[in-house]
Amino acid sequence: MMNHMDASSLAGRTPKFVVEVLYNFFPSDKQHLTLTQYEKVKVIETHESNWWIGERANGEVGLFPANYVRRVQDITEESPRHKEKTFQKPVSYDPNKNKKTKEEQLQKRKQLASQLGLGGLDLDDLLSEDEDDVLSSEDEQEKPPQPTTLTKQSSTASLKSQPSLPSQQVTTTINPQNAAGKFVTEEAYEKKKKELQEALQKQLEDQKTKTRQAEEIQKLKEELQKAKAEVDEARKVTTPRTTPRGGATTTTASQSVVDLDKKQKELERDFEKKKKDLEKEFEKKQREADQELEKKKREMEKEIDKQAEKKQKDFIKEAEKQNSASSEMQKTIEKLKQKNTQLEEKVVTLDKSIVDMKQKHTKELKEAADKLKEQKEGSLKHAQLKIVRMKKQIQAVKLENEYLKVETQEMQKEFLASLHKISSTGLKKLMDGYKDLEEKYKKELKERRLLYNQLQDLKGNIRVNLRVRPLLPEDGQTENCIECVDDKEVKVYDKEAKKSYKFEFDSVFGIDSTQAQVFEDVKPLATSILDGYNVCIFAYGQTGSGKTFTMEGPPNNRGVNYNTLDEVFFMIKERKGEYSYEVEVAVMEIYNENLHDLLTKDKTKLEIMLSNKVSVPGLTRIKVNSSDDVRKVLSQGYENRATGSNNINAHSSRSHCIVSVFVEGVNLYTQQKLSGKLHLIDLAGSERLKRTDVKGDRLKEAQSINKSLSALGDVISALSSKKGHIPYRNSKLTSLLQDSLGGNSKMLMFVNVSPTVESCPETLCSLGFAQRARTVELGKAQKNIVSQGTASTSGSNSNN
Ligand SMILES: Nc1ncnc2c1ncn2[C@@H]1O[C@H](COP(=O)(O)OP(=O)(O)OP(=O)(O)O)[C@@H](O)[C@H]1O
């Protein structure tokens, strides 16, 4: 098959004949011609494979299938292939080789007649066919092959009803490679050949029989000839002896002649009879052979008709199938074209709508940006107004407070002055009034604190609460150097320096403050953890100032750690149905600048990984589902801390204990995910040790504590001066608290102080440290939003 159809390479060739295409032909490549039904194609080259090269009317040259065409016009002489259509036996034949002239045939006849000695006996009738048969019997194999053509009038009569049939099939040459229809198979050809050979064999045998008969006749003739010669001889002998003396002999001779004549006549009669018998028998056999041949011929024609009809039907079926496939294909192409047009239209529409959407989106974005700007400006103004209003309210509350103080004092005076005058009922009345007044005062204080906290939230200050522990029996005979002026102010009297100092804090809890009161200020932070904030609460102060009491608390009077986690679980319960939370707890200790896991017995040092987030690989985090779980986990941690030390009190004052709570929350409506982290830290004692007083391990411990607390101080002062670099990495403590000290977290610091005069210098140091921390403005804290979920979160982002 040709790989490339180039019109120019075939231009010089002469078209052989023209064919008409019977069915549509749609090729899948460019080498083949796309042909439609009844299209005329000039055949340039034919191939055995039945893929011919043709040229279309538009000059296009390519391959096409020869099976589905019919020849309609010759252009040059018949192609070699066309000649092949005649069935030929594969023998060479020289038509002149055995050509016998009429004269030769006549000569032969005469020769034979004279051999027979029949003289005038006419053997023409006998030899008219026999001679040819005799001749042909010798040369049968040399006979020229005759094309065997069957006229298919009978079969085509039924096929003519098919309009699409090629006309050349009306007369079909028995040829295994019939290009028009190919409906005569190789088997049919072989069968026919065999039949013809058999017929030929039969003819040959007939000829042999005839030859045998002819030989017999010849023999008879010779006998006749011999007898005739004897008769002649006898005649010659008898004729001179015809005398009266020899009358008997003559009579005998005459008798012999008569006998001989008689015999001759008998012989002639026999011969005649035998000849006639032979002729009859020959004719009979001839008839039978003819009949047989005729019968075979009819059978074969029938068979061929049958096969032709079957092949024709198959061919029509196949053609119809192809035709319907091609029309299906055309339909599909048409459909695809339509779909393509529709798609193109859709693309145009989509392009248009994208442009429209873009314009709309840009417009909306601009509007939203404007609106946001307005809102921002509005909310800033609103916050400022709120601050002013709050300040006024605080002022008013302060005035009210002052007024109440004065009123109380006056009432007290009045009460004392009129005490002896009034009756017991009057006293009760007065007491009730006083209680009522006290209630009002407490309520006012609570409201004032709430407002104050809101203000602090807005400002983002580190909140600092002061707690003064009561004097303890172990303090011995000593004086109190601290006076809590009110819930925010404290006065410290330095006996040595004979000086008093005033400090103001966010909350001041005096010697008689309860754990519940202290926790009241912490409570909102528990909610903040669930809202996705990082919270850090720590207790700072000298050894024995009440840090552990405030944070951990004795078993019967639990402090911030337990109360905060209780509150966390209380809030989780409250939010059930709206949020789903997971809480994990870890307990650690920093001792001598080494971080240890307190939830395992393993004392391996833990490392802190700092990237965007702080992480401690290998740290044990236990999932807790209730306050009871929390109690178990914390007890385990504190137990491990105690187990590792000889003197737990001494040890606890020289190490930082950290309880970390990790909260993951999902809003069940919006699927927004939040993560909050809480660090509850009981710091080591902050007292400064004189270098001369400490040696060895104590010195190392003191240096480590000093390092971490100064690092904490440095971080706080860097945050307060809003420096770009915050030195978190200077200690294990500040490294661990990096994401909870500063920018997006909430901080609460408890400053614990001892009221004893002896502790006064340390107390002043602690209060100075706390005072500085209080000035730090972190700005508004930010939520940790892990993922936004499906909420329409305009205005709810990580800055909330
Ligand atoms: N508010 C308080 N009410 C009653 N007792 C208190 C209070 N604060 C502290 N104490 C008692 O004071 C003592 C010292 O307190 P605590 O152990 O909490 O101090 P600390 O600062 O944690 O010391 P260290 O850091 O050395 O452990 C304890 O006996 C404790 O019970």
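Counting begins at 1 with the first residue displayed.
Keep in mind that glycine also has a Cβ here, set from the backbone N, Cα and C atoms.
Lifted from TrEMBL, the feature list:
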type: DOMAIN; residues: 14-74; note: domain 'SH3'
type: COMPBIAS; residues: 77-87; note: compositional bias 'Basic and acidic residues'
type: REGION; residues: 77-110; note: region 'Disordered'
type: COMPBIAS; residues: 130-141; note: compositional bias 'Acidic residues'
type: REGION; residues: 130-214; note: region 'Disordered'
type: COMPBIAS; residues: 148-157; note: compositional bias 'Polar residues'
type: COMPBIAS; residues: 158-169; note: compositional bias 'Low complexity'
type: COMPBIAS; residues: 184-214; note: compositional bias 'Basic and acidic residues'
type: COMPBIAS; residues: 227-236; note: compositional bias 'Basic and acidic residues'
type: REGION; residues: 227-337; note: region 'Disordered'
type: COMPBIAS; residues: 239-253; note: compositional bias 'Low complexity'
type: COMPBIAS; residues: 259-321; note: compositional bias 'Basic and acidic residues'
type: COILED; residues: 427-454; note: coiled coil
type: DOMAIN; residues: 461-776; note: domain 'Kinesin motor'
type: BINDING; residues: GLY541, GLN542, THR543, GLY544, SER545, GLY546, LYS547, THR548; note: ATP binding site
Can you tell me which of GLN542, THR543, SER545, GLY546, THR548, our binding-site residues, come within under 6 Å of ligand 1 at the Cβ?
-> THR543, SER545, GLY546, THR548
Enumerate same-chain residues with a sequence separation of six or more from THR543 (ATP binding site) and a Cβ-Cβ distance below 8 A; give 'none' if the list is empty.
-> SER653, GLY685, GLU687
Using a 10 Å radius around each Cβ and counting other Cβ atoms from all shown chains, which of the binding-site residues GLN542, SER545, THR548 yields the largest count?
-> SER545
Using DSSP, break the compositional bias 'Basic and acidic residues' (259-321) down into helix, strand and coil residues and give each count.
-> 63 helix, 0 strand, 0 coil
Within 10 Å of each Cβ, count the other Cβ atoms and name the one among the binding-site residues GLY541, GLY544, GLY546 with the highest count.
-> GLY541
Local confidence of the prediction over the coiled coil (427-454), expressed as mean pLDDT | 71
Filtered by Cβ under 8 Å and at least 6 apart in sequence, the residues in the chain of LYS547 (ATP binding site) near it are ALA539, TYR540, GLY541, ASP682, LEU683, PHE750, ASN752
Inside 8 A of the center formed by the CB atoms of GLY541, GLN542, THR543, GLY544, SER545, GLY546, LYS547, THR548, which other residues of the chain have their CB, for the recorded ATP site?
-> ARG469, ALA539, PHE549, SER653, GLY685, ASN752, SER754
Work out the three-state DSSP category of GLY541 (ATP binding site).
-> strand
